[in-house]
Amino acid sequence: MLEILIATNNLGKVKEIKDILDSPEIKILTMKDFPHLPKIVEDGKTYQENAFKKASKISEYSGKICLADDSGLEIDYLKGKPGLYSSRWGSSDEERINKVLKLLENVLPNKRKAKFVCAAMLVFPDGKIYSVKEECKGSIEFKPKGEHGFGYDPIFLVPEYNKTFAELGYKIKNQISHRGKAMRKIVNIINELAGSE
Ligand code: IMP
């Protein structure tokens, strides 16, 4: 049994990651189990750098195997923005969503392509590192739709379903999302490690 600490305070991410990592080989710990961990400044130049920073610092302080992800929404029309700054583009999800919609106000449907990117990093206290990166392609809706999920989910339209992540709900979202795909790769790595012990 591997104990893995999910190095994020984002409850939306915790819920998604827990669901995918649900396995008899894995015991999930969250930041709530470690109230005195330091705050990590996400000043890396790539998703991988930020994910590594979060996972390695938290692993150092907790002595646990840590899993962190760094993710973002890249919008073609905005030349890849908000990207690395996705969580800092405003002070609330609503503000961030409205900012995107305003910037894309008169932009035609075929020019609204976007993708979510997720880098996930598993860091062991002895310094071993496993890293994966995945993405999910879609486009930006004209107005928010759906009640589920978090962040930009209400405006991220998945073409295969013609629904937003927030309309699809987390079960279907997890099957196709950037984070879902990255976490399944991490689970495969964990299962291989557990099997070789
Ligand atoms: P960070 O990885 O903690 O730096 O935050 C990434 C930010 O990107 C989140 O706070 C959200 O605003 C956005 N984001 C990442 N993944 C998702 C997702 O699956 N749905 C909606 N927004 C997301």
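Cβ atoms here come from the backbone N, Cα and C positions, even for glycine.
Record features, source TrEMBL:
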BINDING   Thr8, Asn9, Asn10, Leu11, Gly12, Lys13, Ser71, Phe150, Gly151, Tyr152, Asp153, Lys173, His178, Arg179  substrate binding site
BINDING   Asp70  Mg(2+) binding site
ACT_SITE  Asp70  active site, proton acceptor
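Remark: His178 (substrate binding site) has Ser71, Lys115, Phe116, Val117, Cys118, Glu134, Glu135, Cys136 as non-local neighbours, by Cβ distance under 8 Å and separation of at least 6 in sequence. Neighbour counts of Cβ atoms within 10 Å were compared across the binding-site residues Gly12, Gly151; the minimum falls on Gly12.
Within 10 Å of the C-beta of Thr8 (substrate binding site) we count 22 further C-beta atoms, all protein chains included. Taking every pair among Thr8, Asn9, Asn10, Leu11, Gly12, Lys13, Ser71, Phe150, Gly151, Tyr152, Asp153, Lys173, His178, Arg179, the residues listed as contacting substrate, the largest Cα to Cα separation comes to 20 Å. With every protein chain in view, the residue among the binding-site residues Asn10, Ser71 whose Cβ has the most Cβ partners within 10 Å turns out to be Ser71. In three-state terms derived from DSSP, Gly151 (substrate binding site) belongs to neither a helical nor a strand segment and is classed as coil. Sequence-distant neighbours of Asp153 (substrate binding site) (same chain, six or more apart, CB under 8 Å from its CB) are Gly146, Thr164, Phe165, Ala166, Lys173, listed in sequence order. Taken residue by residue with DSSP, Asn10 (substrate binding site) is part of neither helix nor strand, so it is coil. Cα spacing between Gly12 (substrate binding site) and the residue listed as 'Mg(2+) binding site': 13 Å, rounded to the nearest whole number. Taking CA atoms as the reference points, Thr8 (substrate binding site) and Asp70 (Mg(2+) binding site) are 9 Å apart. All chains included, 26 other C-beta atoms sit within 10 angstroms of the C-beta of Asp70 (Mg(2+) binding site).
DSSP assigns His178 (substrate binding site) to a helix in the three-state reduction.
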